[in-house]
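**Q** Take a look at the following structure, please.
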Amino acid sequence: KEKKPAEGRKHQNMQNDTKVSQGQWGRAWEVDWFSLASILFLLMFAPLIVYYFIMSCAQYQCSLTDPLLDLLTGNKHLSDIWNSTSTLTYRAAVIYSLWVTFQVVLYLFIPDFCHKFLPGYVGGVQEGAITPAGVVNKYEINGLQAWIITHVLWFANASCCHLFSPTIIFANWIPLLWCANILGYAVSTFAMIKGYFFPTNAKDCKFTGNFFYDYMMGIEFNPRIGKWFDFKLFFNGRPGIVAWTLINLSFAAKQQELYGQVTNSMILVNVLQGIYVLDFFWNEAWYLKTIDICHDHFGWYLGWGDCVWLPYLYTLQGLYLVYHPVQLCTAHAIGVLMLGLLGYYIFRMTNHQKDLFRRTSGNCRIWGKKPQYIECSYTSVDGTKYHSKLMTSGFWGWARHFNYTGDLMGSLAYCLACGFEHLLPYFYIIYMTILLTHRCLRDEHRCGSKYGKDWKRYTAAVPYRLLPGVF
């Protein structure tokens, strides 16, 4: 529909005024050819990659090469593979609709009570970081509570109620994939329309004029419905991450059903990934200060990614172990456990040091010493100047993103738990290496734009990104 001239001028003026004020803090204003090519590649192929991995397990025992060989040799056509794929079912649609609705109810209508009796846990109403427009949003932090309620009900059903089988997720895995895709595309499309016509905060919107980039990376910074339903926090933190541990439990239940036992590799995957998920919810208030909330706009990258990519590709190890049960020798199992726990320790302690430093404005002790830091400043859209500090000691003196190093160690542990017979379980460490390296570069580009010459002083003081002495 063609815009009225007055509306078009108003919309363009809003973009120009915001662009001048906001500079390059946040995602890009203009799209270079490489970024556009990358966006188009992901939009076209990311859904196919997810389908290919899930299909290869369902039809080819998790082999990534056999489907290609069948197609190249003419043994099968694409239509044969597609016709053998489970379709969307009414049962899956009901399951998925009830699941998302249940998580919305837990998110919106049950205020957090965990912070009242769990020492050290920060829940309830919390403030997020300052947006580029100078807005400070408030959030109801109740993810841990939602996770606990969901899992208590899951185990209650498995042990005594028996309303559904614990293998229900595995049994409907591909039909649920279509449901997740529908939600992912629906919420991404709605977010783009909302950004154009009724944004929550127009000054925190960014328009490049390129449809594909804006759809992928998002227009609105913090799209909301009402006072509390925040798209980024809900879709980043629910329903995909709450489902992560349920999916693994369903895979373990299927392994028990098929083979009469749950292997130590499946237990390791459930335990190590469960620790990661619980850590996320225990530190949900801290998550408000991370790149996902502080810098990313809400588009297909987050909307579809959280609905489809996260629950389907982050759980590949458990899915693989259903088809290929692996019983590790004691030394291998202990090695995987130690690597996973060490990675988690580095990940958590690095983030803890940063959080402690921020909360105390540097008036604390890191490794028994007063932390060193660099004073810096930045300006919001309204021209207000803010001051900040970047720590250069502790783990943050070793590398600028040493928390990612710990994350990668944990990711490798998940993969090593699956043995060495197939490539599929190792997709996760390959993907996480690319993702976190890219996030390093994105974060540093944004910080360079935000802090200017102060960022150059910081990188001179801490020269390495991930691996001290290497990168």
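Using N, Cα and C of the backbone, Cβ positions are placed for all residues, glycine too.
This is the feature table in TrEMBL:
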{"type": "TRANSMEM", "residues": "33-54", "note": "transmembrane segment"}
{"type": "TRANSMEM", "residues": "88-110", "note": "transmembrane segment"}
{"type": "TRANSMEM", "residues": "173-193", "note": "transmembrane segment"}
{"type": "TRANSMEM", "residues": "298-316", "note": "transmembrane segment"}
{"type": "TRANSMEM", "residues": "328-347", "note": "transmembrane segment"}
{"type": "TRANSMEM", "residues": "411-436", "note": "transmembrane segment"}
**Q** Check the transmembrane segment (298-316) against the transmembrane segment (33-54) for contact, please; criterion is three or more CB pairs under 8 Å, pairs 6 or more apart in sequence.
**A** yes
**Q** If we call contact 3 or more Cβ pairs under 8 Å (sequence gap 6 or more), are the transmembrane segment (33-54) and the transmembrane segment (173-193) touching?
**A** yes
**Q** Ranking 88-110, 173-193, 411-436 by the number of C-beta pairs under 8 Å to the transmembrane segment (328-347), which range is first?
**A** 411-436
**Q** With Cβ-Cβ distances below 8 Å as the criterion, list the same-chain residues six or more beyond the ends of the transmembrane segment (88-110) that contact it, or say none.
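**A** That would be 140, 142, 145-146, 149-150, 168, 172, 175-176, 178-180, 183, 228-229, 234, 238-239, 242-243.
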**Q** Are there residues at least 6 beyond the ends of the transmembrane segment (411-436) whose Cβ is under 8 Å from a Cβ of it, and what are they?
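**A** For the transmembrane segment (411-436), the list is 53, 56-57, 62-64, 265, 268-269, 272-273, 313-314, 316-317, 320-321, 324, 326, 328, 332-333, 335-337, 339-340, 343, 401, 404, 466.
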